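Encoded as structure tokens, the structure appears first; notes follow it.
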Amino acid sequence: MGDKGGDNHSEVTDFILVGIRVRPELHSLLFLLFLIVYGMVLLGNLSMIGIIVTDPRLNTPMYFFLGNLSIIDLSYSTVIVPKAMVNILSQKKTISFAGCVAQLFLYALFMVTEAFVLAAMAYDRFIAICNPLLYTVRMSRSLCMQLVAGSYLCGWVSSILQISVTFSMSFCASRVIDHFYCDSNPIEKISCSNIFMNKMVSFSLAVLIILPTIVVIVVSYMYIVSAVLKIRSSEGRKKAFSTCSSHLGVVSLLYGTVSFVYLTPPSNPELRKVASVCYILFTPMLNPLIYSLRNKDVKDAMKKVLWKKKVVL
């Protein structure tokens, strides 16, 4: 379908975010749910960052990546949740055009960056288990910083491409986005432009992001499993697997919720919103718990911090 009329995106000053459709009497309950879970996201990820920064024993590549993962989780949740909470209680559920561009850009940036950081973490575990004697040489501080910087660069480039094609469309039909944040799919639905190029760019970006990260993770764990099975002692195998279980849990949680979001039928937008809540709120809430409950070093560091506070009090 070609462009209709003379209106275009330059004449759009704001959008209306429909949000999650619930009965008016449930708005306060929904706001409270968002507030509690977002508070746990802040507490969990800030605590994880603080522990990693302050404890010298956690000055390793694995925890360097984990600290960046917490920053990313905290960031993409913060990009969306506060505005969504304001709109839940507000009669005027609007977001400015510039605000919508910024929200989609930052959301895409952190989402893509997280995928590449998780791939880097899988490579780190592969080196630690399959080449332990060369670990300190191969996983140098400079390489770790380059991997994280490269992850952010990939996120930055993909986000620029995504918003370029999304906001080059004409919006002459409606300003109402049927979602609680600015995402490319619901924005495309209110456009009266031909969105074939948008779909092709989105598909190409998905392939270029998902395929290499999944390949790195799967191949790394194939080598890891092969190496662990060669360990003769059951205690050694258990210890080796325990270093990977937290990462596998986070990877499964991320790709599971993202798949739920983007494989949900477009004909059921409310289900897609619920799936988005799982990804934007519950995933960043659970990631610190997975690492703190499954990782002995993190638990020891947390006990040390709590003990110091107890002594001070």
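Cβ from N, Cα, C; glycine included.
Remember, TrEMBL labels are computer predictions, not curated facts.
Copied over from TrEMBL:
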- 44-291: domain 'G-protein coupled receptors family 1 profile' (DOMAIN)
- 29-51: transmembrane segment (TRANSMEM)
- 63-82: transmembrane segment (TRANSMEM)
- 147-171: transmembrane segment (TRANSMEM)
- 203-229: transmembrane segment (TRANSMEM)
- 241-262: transmembrane segment (TRANSMEM)
- 274-293: transmembrane segment (TRANSMEM)
Leading stretch by Cβ pairs under 8 Å, where the reference is the transmembrane segment (274-293) and the options are 29-51, 63-82, 147-171, 241-262: 241-262
Model confidence over the domain 'G-protein coupled receptors family 1 profile' (44-291), averaged pLDDT: 90
